[in-house]
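Inspection log for the structure reproduced underneath, given as structure tokens.
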Amino acid sequence: MAELHQAPTSLCCCRKSLPDSGGRCSGDLARPSAGLGLESQRCPLVDVASASNFRSFQLCHFHLDLRLNFAVKEMSGWLVLDLVPVQPGVCSLILDSHPSLLIHSIDCKVPGAGQQEPVSLTYRVDPFTDYGSSLSISLPTAAVKPGRAVQITVRYTTTDGPAIWWLDSELTCGQVRPLVFTQGHSVCNRSFFPCFDTPAVKSTYTATVRVPDGVTVLMSASRSSYSKQDRVFQFSMEFPVPSYLVALVAGELQHVDVGPRSRLWAEPCLLSCAVKKLGGSVERWLGVAEDLFGPYLWGRCDIVFLPPSFPIVAMENPCLTFIIASILESSEFLLIDVIHEIAHGWFGNAVTNATWEEMWLSEGLATYAQRRITTEAYGEPFTCLETVVRLDALHRQLRLLGDSNPVSRLQVKFESGVNPSTLMNLFTYEKGFCFVSYLSEISGDVRRFDCFLRDYISEFKFKSVVAQDLIDYFLSYFPELKDAAVAKREGLEFERWLSGCGPPLYEPDLSAGGALIGPVQDLCDLWRNADPPDLEALATFDLSTWSTFQIVLFLDRMLDHSPLLHSVMASLSDSYSSLFDGLNAEVQIRWLQMVVRNSFYPDLPRVRAFLHKHTSRMYTVPLYEDLVAGVMKCVAVEIFYQTQRRLHPNLRRTLQQILFQTSSTNQNGSALPPSSATGTTATIALRDVNVSA
């Protein structure tokens, strides 16, 4: 998933599903089934985040053959693309690439044409945006014809582009061996291998990875094998996936099977904790999801826990979810994150948004599915409480950005050059969730809507869709709603949902969580209405019996009312700080943000201790931004210099920019996050969004 920052963007672009050609080749958008009476006249799809000419070809399959060199932090090898031109007169193949990716040679073969040797091709690399470049390959016009397969081989080397994260042993959890992982969401994998880096294109893939002795390689693939003698791992993904879902991790990794199709992977020092936390839960959650949304399509549902340098919370790579090890501290947040990634197996991975401008089609639906799973598994009150925490965060972000900010749209339209990663925010998740909840509400019955989602997956599986595909299918599935013109219901028009700024037009009824949420609000009122509150009244609230989400909701709502009187902060600290010390990082960071925002110096040692312990982006950046935004910048600088050697270089550069307000660009090719004035916004994005891309 990607660093999160909100930046207003604007622009318009046409969208349309491409024709489905069938067969093994993938790469076209879904077209609704004949007989459904769905809309068919649309403009050709445009993905302004891709430089490629993906609409000129069908990508049938690709193969990666790579050698990993940890000593020089380099991947080298070749990529083989099996393509079929679909348009006449195509004289070039344009792929997404990146300046960190060095091309050595490119050649072409036409299978079945009697060609003995591959033909060497000329190419050029042109600038595209600050997050990538375009690789333009001249094709032999005599050999390239519509419908005739062609095979392109690209030999290349790639080092430290935005997709590839090399960790020295000191930056791993075990601090024994180095580790490398890739993170493709949303447009980073063009620095991993040249590709059609757009979610509109899906294909199967295979990979061969050669590694030093003692290194285990995992990929987001449905099948794998290993030759110990040759130290070669082989992978095969038999289901079509977009480029951003191709992922790799290599290092000292061990596993434990926790179900018939689930395996936990981690460094040896983490594995027992991961197994203790998850145990047999993964299979249970998969079973609940299958009852709701139909068969799990990917075969394996393995999870690998990565060191704190992993730049996001979790990533739903099919067959192999990546999750940051830091989240193991909080059982409830771990539960939510894993279930969210499981939900992506249906929404996002099986059926994918065709452009990043409609990311809500993956994240909003996955968030809805996640909450249907938790409702079935843990009850409606638990789900309502978690939802309130997130919707509170959504409204907090709206207060900061303003109701007219274009980033609050579901269909965020952006111009060429805008990094799609900047569009991942709470609106993508929570406003998208509210729209899906609204569709469920007007369908008349949640179980009936479950059936709709099950059939939606069956209809569009392994395809990429636009919002109109979902809406057309919904209205055809519920013809009585189409006849009632619900899409144009005043104030709740579907078009207004998609393109309108501001808060959701509808929020689901969360009153079922009242028994959990009510005491939290009562305690907040007690603290806000007295200076400080009566100790006898406080004694009726025992936070040691509260869940993590209840305490998080309490602290978030108290943060909303900062600054607080010093006497109130002193009383809060006396009442709760020792309790918070023994709880997880999700609780601690919120309390420490209250300490910093209220300049409560007596608890400053706790801030120091936290930042010395935690080196994860999602915990360090929010606190550093708050420190710099207030009167504690000198403290932040001191802590940074004491801990910088244990920080990943990317995070180190981010914190340097926050601390010293340098206007540099990080190695990911995107602007580093703004400091001070926008610190709170970035804090919300990093802390409150389950980045799963």
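Glycine residues also receive a Cβ, built from the backbone N, Cα and C atoms like all the rest.
The following features are taken from TrEMBL:
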BINDING   H340, H344, E363  Zn(2+) binding site
ACT_SITE  E341  active site, proton acceptor
ACT_SITE  Y429  active site, proton donor
DOMAIN    515-659  domain 'Peptidase M1 leukotriene A4 hydrolase/aminopeptidase C-terminal'
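For the recorded positions E341, E363, the ranking by surrounding Cβ atoms (within 10 Å, all protein chains) places E363 first.
Calculated from their C-alpha atoms, the gap between H344 (Zn(2+) binding site) and Y429 (active site, proton donor) amounts to 12 Å. Residues in the domain 'Peptidase M1 leukotriene A4 hydrolase/aminopeptidase C-terminal' (515-659) partition by DSSP class (helix H, G, I; strand E, B; coil) as 114 helix, 0 strand, 31 coil. Counting every protein chain shown, the Cβ of H344 (Zn(2+) binding site) has 27 other Cβ atoms within 10 Å. Here the recorded positions are H340, Y429; the one with the fewest Cβ atoms within 10 Å of its Cβ is H340. With respect to their backbone Cα atoms, the residue listed as 'active site, proton donor' and E363 (Zn(2+) binding site) stand 5 Å from each other. For the pair E341 (active site, proton acceptor) and E363 (Zn(2+) binding site), the Cα-Cα distance reads 10 Å.
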